[in-house]
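Pulled from Swiss-Prot:
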- R39, R45: NADP(+) binding site (BINDING)
- R131, S132, S133, N255, A256, G300, K315, P316, I317, P318, T319, R341: FMN binding site (BINDING)
Amino acid sequence: MRYVTAGESHGPEEIAVIEGIPAGLHISQEDVNEQLARRQRGYGRGERQKIETDTVTFLTGVRHQTTLGSPITLNVHNDDHNNWSKIMAPNEPATAENTLRKVLRPRPGHADLVGGMKYRHREDLRNVLERSSARETTMRVAVGAVAKKLLSEIGVDVHGFVVNVGPAKSDLNELTKYKNLQELRVVTEGFDTRALNAEADEAIKEVIDKTKRDANTVGGQVQVIATGMPVGLGSYVSADTKLDAKIANAIVGINAFKGVQFGGGFDNAEKYGDQVMDEIFWDEERGFYRGSDNLGGFEGGMTTGEAIVVRGVVKPIPTLYRPMQSVDIDTHEDHRASIERSDTTAVTAAAVIAEAMVAIELAKAVLDKFDADNIERMKEQVAVYREEIRKF
């Protein structure tokens with residue numbers, strides 16, 4: 001399985017093409033639109049979300065809500081393009097009229113300046129920010145929806161939520177209350193902040209409100225949990241086959257993500273071995289299992305069968321309504337950075353995006369191990385493998 005996305009933030013469309021999805025997978029627009037709506041929701045989002053109503057269209061690879069085995073093309077229309085049609089016109093030459101909203105004062109923390117240098121976009125840094133914008137993650141969530149649908153066929157569930165926004169934190173001890181991810185999902189999706197309880201929800205809202213009043217932005221952390229993965233996906237034989245490494249790459253590849261950990265993560269660095277390693281047990285029904293999950297579901301780059309637990313660190317959004325020091329790339333004079341419409345925080349949306357990226361990497365791993373042209377054949381292979389593992 002592989003995919004590519006295309007599109008600019010204020011261009012006409014966002015597009016994704018997916019290859020490698022087996023034939024016979026039932027997938028509807030509603031399956032994808034539900035995930036796109038989750039991405040748009042969340043406390044601290046900006047005015048752009050009031051303009052857009054993200055809905056997907058399948059252009060290829062799906063017939064009668066069933067995949068054909070051929071490349072799947074999806075697109076989402078950018079409603080805001082109506083306000084930018086001249087400025088983002090692909091088929092018209094540059095004129096004084098359609099270059100009015102040039103960006104010449106790069107924002108600290110954004111791709112503006114370095115991207116302009118790399119691609120020689122000396123005339124207008126908008127050529128950088130239109131693609132480097134997190135608007136592109138719309139299509140990663142859409143691809144993730146397809147991946148989640150495939151994973152659900154073999155009993156794998158994936159869910160993301162917010163750990164903290166600034167100093168306001170969810171109590172992770174709350175996780176022990178839930179028997180499965182569906183119970184957790186009902187709770188966290190019931191809060192605008194995707195927090196674990198009402199107390200954390202209110203505290204996070206207070207932080208976001210204060211940040212907005214201060215014309216500032218704020219970051220946080222999100223966590224993704226996946227359950228039901230077969231044992232032994234990924235491999236120890238080469239660095240580039242380790243599944244946790246692939247997930248780490250996918251998480252840090254999301255806009256604004258600056259760190260990733262698995263299980264106990266960085267806290268494990270302050271502990272001793274007998275406090276961290278997940279002891280091994282066996283019973284006739286379950287086969288081998290672990291007594292804890294401090295390593296986040298991975299050993300040697302391979303899934304252990306325990307829950308996969310991934311956390312990502314999200315920096316504050318670099319577009320500030322009280323802009324920071326910058327330099328005009330034309331005059332080289334000191335100026336405040338450009339202002340683009342933005343969110344106060346995108347941590348609530350980041351939980352959904354991280355969930356999608358984990359799902360994509362897990363789906364890739366499943367299809368690498370159980371390569372099949374049809375979804376039913378894939379499920380048969382998984383069932384045989386699970387039984388083999390159980391009897392080991």
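Glycine residues also receive a Cβ, built from the backbone N, Cα and C atoms like all the rest.
The most crowded of the binding-site residues listed here (A256, I317) is I317, judged by how many other CB atoms sit within 10 Å of its own CB. The CA atom of T319 (FMN binding site) is located 13 Å away from the CA atom of R45 (NADP(+) binding site). Calculated from their C-alpha atoms, the gap between I317 (FMN binding site) and R45 (NADP(+) binding site) amounts to 11 Å. Comparing Cβ neighbour counts within 10 Å across the binding-site residues R39, R45, R131, K315, the minimum falls on K315. Counting every protein chain shown, 21 other Cβ atoms lie within 10 Å of the Cβ of T319 (FMN binding site). Residue pair S133 (FMN binding site) / R45 (NADP(+) binding site) shows a Cα separation of 14 Å.
DSSP gives K315 (FMN binding site) a coil state; it is part of no helix or strand.
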